[in-house]
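Undergrad: Provided herewith is a single structure, encoded as structure tokens, for subsequent inquiry.
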């Protein structure tokens, strides 16, 4: 059962942590037309309300959703150093900012 929770859902391809991050961002009203918010604030909200498993795991899940070389479609609009194709790691969450992409709004509408 625990291993099954870490598998992507067949309906949208998201893991539970990705779904929780997007839901938390929608609750914080981080829509594409609003200004960016610190990544540490988003990660703290996810940890406190929905996913108490460690800040690094939540942050790296959010980073992967903001990297154009990791996924086909961006679900998070990141601002700052979110890593590179060459293997450079992303900056600490206190230095980066994020908000939802237009695609994530469509995904959450269902």
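Cβ atoms are placed via backbone N, Cα and C, with glycine included.
What TrEMBL says about a protein is an automatic prediction, not a curated fact.
Sharing the features that TrEMBL gives for it:
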- 7-110: domain 'Topo IIA-type catalytic' (DOMAIN)
- 95: active site, O-(5'-phospho-DNA)-tyrosine intermediate (ACT_SITE)
Undergrad: For residue 95 (active site, O-(5'-phospho-DNA)-tyrosine intermediate), what residues in its own chain, 6 or more apart in sequence, show a Cβ-Cβ distance under 8 Å?
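TA: 80, 81 - these are the non-local Cβ neighbours of residue 95 (active site, O-(5'-phospho-DNA)-tyrosine intermediate), listed in sequence order.
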Undergrad: What are the DSSP helix/strand/coil residue counts across the domain 'Topo IIA-type catalytic' (7-110)?
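TA: Going by DSSP assignments, the domain 'Topo IIA-type catalytic' (7-110) contains 43 helix, 10 strand, 51 coil.
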Undergrad: Express the predicted model's confidence over the domain 'Topo IIA-type catalytic' (7-110) as a mean pLDDT, rounded to an integer.
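TA: Overall, the domain 'Topo IIA-type catalytic' (7-110) comes to a mean pLDDT of 93.
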